[in-house]
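Listed features, source TrEMBL:
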type     : residues : note
TRANSMEM : 24-43    : transmembrane segment
TRANSMEM : 55-75    : transmembrane segment
TRANSMEM : 87-104   : transmembrane segment
TRANSMEM : 140-157  : transmembrane segment
TRANSMEM : 163-184  : transmembrane segment
TRANSMEM : 238-260  : transmembrane segment
TRANSMEM : 331-353  : transmembrane segment
TRANSMEM : 359-379  : transmembrane segment
TRANSMEM : 391-412  : transmembrane segment
TRANSMEM : 418-438  : transmembrane segment
Amino acid sequence: MGEEEGMVTHVVKNTANDKNNPKLTLLPLIALIFYEVSGGPFGVEDSVKAGGGPLLSLLGFLIFPLFWSIPEALITAELATSFPQNGGYVIWISSAFGPFWGFQEGFWKWFSGVMDNALYPVLFLDYLKRSMPIFNHLIARIPALLGITVSLTYLNYRGLHIVGFSTVVLASFSLLPFLVMGILSIPRIRPRRWIAVDFKKVEWRGYFNTMFWNLNYWDKASTLAGEVEDPSRTFPKALLGAVLLVVLSYIIPLLAGTGALNTNPSEWSDGYFAEAGMLIGSLWLKWWIQAAAAMSNMGLFEAEMSSDAFQLLGMSEMGMLPSIFASRSKYGTPTISILCSATGVIFLSWMTFQEIVEFLNFLYSVGMLLEFAAFIKLRIKKPDLHRPYKVPFQTVGATVLCLPPALLLLFVMNLASIKTFIVSGSVIILGLFFYPAIVHAKEKKWCHFNTREQLNDLQDRSAAAFELDQVAADDASLSLLGHTEKVQDSKTLSQEISTAD
């Protein structure tokens, strides 16, 4: 067994002092997943315009989650609880296909995550400039972008529990005006408006891209699984709660806006919910929705930054990146990893919204196809792997579960422009060269990496805590499709931890 292969299985989390590194509990984790995926209905307005009316938009947000969001959430729940360490999908891919492909997955997903995060400071200012036109000018816009990025990065540095608490507050503030709009719209709703559609005006490319972008990234929170309190119990419940929250946050505003207003679908574009709020309520509701949209972008930034940074930390703990990326501040946060991700955000913020969405969708799709393959491969390669939560299907059923979302991924990739193929292909090729370069740097000892002996020492020091987590999961009622797998006894667990692969 090679050194790299031995490093990638069952890598345990850093044993930071719990007082300086409080764990995420259920409610903050739901809020983080919500912001990884959605952040609210801001941006779904284009689905009405691209769908030629409300019908396809409403059907899309009811049907897409069934064969995209729910399967991805189920797979994430199984793999995140089987490998409850920072790094998430990097560990899954490494365990299934080896460290080379694990590194590629990490590079693609980190790059697409940083590209995604570059959107949110820009969108934040786009909402503010409606009331403060000064942000249309570069002399004010550039310092504001830098200030927002630095401020939100500092919040990440101060601790993941602070990020989790702040996302709970931001989610409550962002969703409340739409609940108010839904209540105010009830007397004006005409159900026949919901079934309006003009197929001659349907823009299928824009429609599918909007649906996909607003319903992806369910796997992102797995990169900080090592920071979750009792992940075997918490992750499945959090994913179920987040699925329900995301779907309702889209459906309720769309039902209210399209059912109460007799407007042309062409008027439904990014930011139209603010106008709908004014027509249904008054000017105060418009301002509230605009403020909620701005705050939502802050929550989206915080959640994405946390996942990207802890992914780099997990890869460093596995020996895939220099050990400096695993260094933590006194608040338990990965300082260098946060700075690296923030730097990427600043350098990518010059790109247009449409370019960023298409690029990150393509890279995300490539990575997800590899995750589905790893899910099936691990079912075959490691049938006895300890799975505190297990999707209630055998291997054939699990394969069938992956088919609809895999076909959707291929369809979205096929919609990409030539420019996207070139840029995304360049990123993929760059990752192929990075891995041997890092292996060479490790062999030449140009910088410090975690060695196999250090990882084994980490495993020995935290094996007991890991066993306690798994035993506790035996009593948990994991509600995601209501299926649990019997927990192995502590002796078997200890053997699995020390002899995996």
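Heads up, residue numbers simply count up from 1 along the chain you see.
Each residue, glycine too, has its Cβ placed from N, Cα and C.
Note that TrEMBL annotation is computational and uncurated.
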Result, the transmembrane segment (391-412) in contact with the transmembrane segment (24-43) (3+ CB pairs under 8 Å): no
Contact between the transmembrane segment (55-75) and the transmembrane segment (238-260) (at least 3 Cβ pairs under 8 Å, separation 6+): yes
Cβ-Cβ under 8 Å with the transmembrane segment (140-157): same-chain residues at least 6 beyond its ends: 121-122, 124-125, 134, 163, 166, 298, 301-302, 305-306, 309, 329, 331, 333, 335, 338-339, 342, 345-346, 349
Same-chain residues near the transmembrane segment (359-379), Cβ under 8 Å, at least 6 residues beyond its ends: 72, 75, 78-79, 82, 89, 92-93, 95-97, 101, 104-105, 108-109, 111-113, 115-116, 209, 212-213, 216-217, 219, 351, 385, 395, 398-399, 402, 405-406, 409-410, 412-413, 416, 420-421, 423-424, 427-428
Stretch among 87-104, 163-184, 391-412, 418-438 sharing the most Cβ pairs under 8 Å with the transmembrane segment (238-260): 163-184
Sequence-remote partners of the transmembrane segment (391-412) [C-beta within less than 8 Å, at least six residues beyond its ends]: 67-68, 71-72, 74-75, 77-78, 208-209, 212, 361-362, 365, 368-369, 372, 375-376, 379-380, 481-483
Spatial neighbours of the transmembrane segment (87-104) far in sequence, C-beta under 8 Å, 6+ residues away: 4-5, 7-9, 11, 79-80, 219-226, 310-311, 313-315, 317-318, 320, 367, 370-371, 373-375, 377-378, 381-382, 428, 431-432, 434-435, 438, 501
